[in-house]
Amino acid sequence: MSIILGIDPGSRITGYGVIRQVGRQLTYLGSGCIRTKVDDLPSRLKLIYAGVTEIITQFQPDYFAIEQVFMAKNADSALKLGQARGVAIVAAVNQELPVFEYAARQVKQTVVGIGSAEKSQVQHMVRTLLKLPANPQADAADALAIAITHCHVSQNAMQMSESRLNLARGRMR
């Protein structure tokens, strides 16, 4: 059993999603958004750090998965996004959580089956995969999708390792 915290970073809204994985079974534990209503960036970063730390304390995840930085049209926005990611990662590292990063395209490909999927498609598939009564808010859905991606990637990596081990054992006999 593993608990995975997914984070969709943003300097104004940071989405989070928490799921439990037992084998191939995924269970929704919680999701939401850390909203920073202050104007100055240092105060927003402090709120993100505190919010992520609180979520980690509440859910006690085993893994921390976060979206990688993408190239934004606006350099200032990209820098702020990078800083928001940074404080979220520091919150995880301070709690000794292993950190995994996934590209947005990989997350969409894993959850929807199309790397260029729309936000509404991600919301719908997250709702379906986690058997939720309604679509989660967009940023929370993205965070849940990141957590789901981590489950799929780690499950596939484990299966590949087992296959290689079995193959090696077969050669030794």
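Just so it is clear, glycine is given a Cβ too, placed from its N, Cα and C backbone atoms.
Per Swiss-Prot, the features are as follows:
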BINDING   ASP8, ASP139  Mg(2+) 1 binding site
ACT_SITE  ASP8  active site
BINDING   GLU67  Mg(2+) 2 binding site
ACT_SITE  GLU67  active site
ACT_SITE  ASP139  active site
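In this structure, the C-alpha atom of the residue listed as 'Mg(2+) 2 binding site' lies 6 angstrom from that of ASP8 (Mg(2+) 1 binding site). For ASP8 (Mg(2+) 1 binding site), applying a Cβ distance below 8 Å and a minimum sequence separation of six or more within one chain yields THR14, GLY15, TYR16, GLY17, GLU67, ASP139, ALA140, ASP142, ALA143, ILE146. Classification of ASP8 (Mg(2+) 1 binding site) by DSSP places it within a strand. Taken residue by residue with DSSP, ASP139 (Mg(2+) 1 binding site) is part of a helix. Counted within 10 Å of its Cβ, the other Cβ atoms near ASP139 (Mg(2+) 1 binding site) come to 24, all protein chains included.
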